[in-house]
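Database features, via TrEMBL:
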- 9-34: region 'Disordered' (REGION)
- 18-28: compositional bias 'Low complexity' (COMPBIAS)
- 90-109: transmembrane segment (TRANSMEM)
- 133-152: transmembrane segment (TRANSMEM)
- 164-186: transmembrane segment (TRANSMEM)
- 192-210: transmembrane segment (TRANSMEM)
- 280-297: transmembrane segment (TRANSMEM)
- 327-349: transmembrane segment (TRANSMEM)
- His411: active site (ACT_SITE)
- 424-443: transmembrane segment (TRANSMEM)
- 455-475: transmembrane segment (TRANSMEM)
Amino acid sequence: MSSDVRRRLIANAADGTSDSSSSPSSPDIGFNNDFNHERTGVAHRNANGDNVDRRRRSVTHYAYRPCTPAHNRIKESPLSSDAIFKQSHAGLFNLCIVVLVAVNSRLIIENLMKYGLLINANFWFSSRSLRDWPLLMCCLSLPIFPLAAYIVEKFAWAKRISDSAVITLHITITTIAILYPVFMILRFDSAVLSGVTLMLFACVNWLKLVSFVHANYDMRLLVNSSDKEKEKSASSSIEYFYDVNLNSLVYFMVAPTLCYQRSYPRTTCIRKGWVLRQTIKFIIFTGVMGFIIEQYINPIVRNSRHPLKGDFLYAIERVLKLSVPNLYVWLCMFYCFFHLWLNILAEVLRFGDREFYKDWWNAQTVEEYWRLWNMPVHKWIVRHIYFPCLRSGIPKGGALLIAFFMSAVFHELCIAVPCHIFKFWAFLGIMLQVPLVMLTDFLQRKFQNSMVGNIMFWCFFCILGQPMSVLLYYHDLMNRKVITK
């Protein structure tokens, strides 16, 4: 090494100006600027690199001397409030995963030792399911209502019937479309799972019907308006609705969307291997849900009392004990339906817009959660309820209340009708979201911290709300069975 470089290294070590003090684990890094020029010259003079190694060892000899200052600037601790979000926490996340696996493994072993293997084939199929054939026939007959609505729209576009007659017929069709499955479930004492399945199909069918009718009605208003040209220039997609088409209606009724339009963005091909992989995942996660329900949730609710008829602390303990397996089932349900099933259906139908959900787990308020959690329903409500209410002069708060009221009605239909219990627990649970929306909005404005609203959302919605609903409906269902016997 040249004498000038050696003198600079010794001087830097003495006065603490060496950059190597900021990186003790790699002491030669601080001298790269001086050493690179020297090393470049040596590389030209000596191809084998021996001189380079000797000079590197010489640099290490002079770097980070005992007299070199170890503290050169102000630094924060990694977990301090100013520095905690400026670095990665992947290691702590991995620790949480390891702890979660360990704790749940212990709970699985403890549960198996206490109850044994509880899951059986009756969870998937039982002899009682054979008696539910009227519900199956009802489900298969639901396409009659979209066909009837299509015939009405054909007459409406051809101006063969008046607008008042069109509205009356559509109200009649949509009303029968939702009351017919309700009557069949209440008429035949079916299994709860069969009734829930039929009501879900019926509600989806009703929402699609309303979208089809509303979209065509709105288009006829635009076409028949006096300033048609102005309206046409304001809407870039107006040509999609100029005529009602049976093929577009059939595709819409099976597509993973609730909002009708004549054409949708389409993919070029079907990835068969991808569909197979997602189907396998769907089967696995459905089995996981069944295992958790049979092995954990059922024993907890069987060994509990009605949460509103007993000791308050006991009810809280049961709710908290039920919250963890209930949360696992809910997350599995979300992944199975919104990610796996809807994407499988979209791939088979080459449906291009697959934004079925957004990052609802980062929701800072309850209102934000409802905007991100279920995108097909959210788009339907915004398109057919919220903005029509605003255009009618209803204030924003009133439109929001109407939207939650509609959601509450359909939640009650999907749960209360199959259970034959009309105590409005699901309805009240959804309507109570309105004050929670205001509360979480207030907390968000007050603290200006996304963590506060997100924690409130998880606590109210997943830890307390859903387990309480499960206990309420289970005990009311058991009491009904005792009374009927």
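Including glycine, each Cβ sits where the backbone N, Cα and C put it.
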Near the transmembrane segment (455-475), which residues from the same chain, at least 6 beyond its ends, have a CB less than 8 A from one of its CBs?
297, 301, 304-308, 315, 318-320, 322-323, 326-327, 330, 363-366, 369, 415, 419, 421, 423, 425-426, 429, 436, 439-440, 443
If we skip the immediate neighbours and take only residues 6+ beyond the ends of the transmembrane segment (280-297), which ones have a Cβ under 8 Å from one of its Cβ atoms?
111-112, 115, 117-120, 123-124, 322, 325-326, 328-329, 332-333, 335-336, 340-341, 344, 470
Looking only at Cβ atoms, how many others are within 10 Å of the one on the residue listed as 'active site'?
18
Counting only residues 6 or more past its boundaries, what in the same chain has a CB within less than 8 Å of a CB in the transmembrane segment (424-443)?
364-367, 370, 400-401, 404-405, 407-409, 411-412, 414-416, 452-453, 456-457, 460, 465, 469, 472-473, 476
